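Take a look at the structure set out below.
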Amino acid sequence: MSHEGQEELLDYSDSEEIAVPTTTAPSAAAGEGANDKEADKKGSYVGIHATGFRDFLLKPELLRAIGDCGFEHPSEVQQVCIPQSILGTDVLCQAKSGLGKTAVFVLSTLQQLDPVPGEISTLVICHTRELAYQIRNEYARFSKYMPDVKTEVFYGGTPITRDLEKLKNKDTCPHIVVATPGRLHALVTEKSIRLNNIKSFVIDECDKVLEAVDMRRDVQDIFRNTPHQKQVMMFSATLSQEIRPVCKKFMQNPLEIYVDDEAKLTLHGLQQYYIKLDEKEKNRKLSDLLDSLEFNQVIIFVRSTQRANELNKLLCSSNFPSIAVHSGLPQEERIERYKSFKEFNKRICVSTDVFGRGIDIERINLAINYDLPNEADQYLHRVGRAGRFGTKGLAVSLVSTKDDEEVLEKIQSRFDVKITEFPEEGVDPSTYMNT
């Protein structure tokens with residue numbers, strides 16, 4: 001496995017299993033309008049429980065940062081996971097996109113962190129550079145009142161010498177490392193990173209990281225270079241029965257949290273439709289949708305980097321200013337485009353599945369499957385970009401082949417959801433736009 005330029009990123013017991021029932025509640029921080037700067041400051045989680053974050057007895061610095069983000073009450077996942085995770089319990093958590101899984105490990109690791117110059121205490125592994133970048137930003141905003149805490153992100157496609165410079169200097173060596181498997185494995189192999197003080201070992205989107213044999217081997221090598229006594233936490237929106245035992249081999253008596261286990265695709269407020277048409281009709285239909293539908297930001301999923309580039313060029317030439325993000329771009333360009341879209345410089349993004357997992361951009365409220373994914377689980381990750389926790393959203397899938405029809409059937413069967421045909425009269429904006 002290459003240690004640089006990773007494109008698709010990212011032996012040890014019985015467990016306690018908890019199934020958390022799904023609960024819905026009105027949004028505590030309703031989504032803002034497209035041009036409302038307040039959206040950058042306010043969180044989008046819904047208050048599920050009466051319990052507030054203060055009841056977790058978190059550090060005052062963390063509570064202050066949480067307040068600045070606009071979060072008042074923990075989500076159901078946070079309510080169950082945080083009290084156990086801050087005690088050092090191993091955690092395996094599966095919950096739908098947008099339920100605040102990232103905040104669980106960010107807050108719990110910061111709560112337990114006692115920064116020592118030159119010592120890495122927390123290691124977070126994820127499968128793409130964009131997700132690593134996003135997790136680093138989450139650490140930055142929750143540790144804003146903890147000035148001694150340093151976080152760095154390491155991923156392939158950038159000069160490894162920059163990583164080495166940061167790691168060998170005690171003043172710049174981070175306490176928290178967020179990394180993709182290939183680059184991290186390269187640093188471990190070259191003995192350029194010291195993991196002997198790791199207290200928290202986290203894998204986000206763990207199924208994606210551990211399903212591929214070569215990636216799993218890299219993670220196992222990294223894991224063996226950490227202390228035996230440490231906390232291990234793994235999170236994903238989808239955890240098949242087959243991958244769970246693999247995850248648990250890294251853990252000791254983990255607390256297992258399965259929210260809506262193998263169950264309904266009930267992303268609160270998400271409207272889902274399909275449109276049957278010929279392949280050659282897709283471009284015209286897409287133009288019609290972008291013309292007729294109201295949206296803050298839209299993400300359009302395609303199956304390949306070539307199709308992403310071609311569709312992006314077509315949209316721009318048709319007066320739909322868009323941006324394309326995919327694994328075929330040079331590393332710096334890819335990150336810059338991701339940042340540009342997140343900062344609302346463009347309202348339309350054409351992407352491959354590199355944006356299909358974990359990426360959280362609050363203003364996205366429309367997801368279009370120009371090409372349907374090959375697997376039902378990937379559909380969940382894609383449409384989860386719209387209608388993030390506590391907000392409304394709309395998902396439209398273009399169905400043009402027999403294979404597409406089979407995938408659509410699998411999605412409805414897998415998640416016990418009814419995806420209806422897009423109505424001729426269109427969709428009422430009030431059903432998917434936040435007021």
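Backbone N, Cα and C define each Cβ position, glycine as well.
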Checklist entry - Per Swiss-Prot, which of 51-79, 109-137, 225-253 is motif 'Q motif'? => result 51-79
Checklist entry - Residue counts in helix (H, G, I), strand (E, B) and coil for the motif 'Q motif' (51-79), per DSSP? => result 18 helix, 0 strand, 11 coil
Checklist outcome for this item: Neighbour count check, CB within 10 A, over binding-site residues Ser97, Thr102; minimum at Thr102
Next on the checklist: Among Lys96, Lys101, the binding-site residues in question, whose Cβ has the most other Cβ atoms within 10 Å in this structure?
Outcome noted: Lys101
Item to check | Model confidence over the motif 'Q motif' (51-79), averaged pLDDT | outcome: 85
Checklist entry - In DSSP terms, helix, strand or coil for Lys101 (ATP binding site)? => result helix
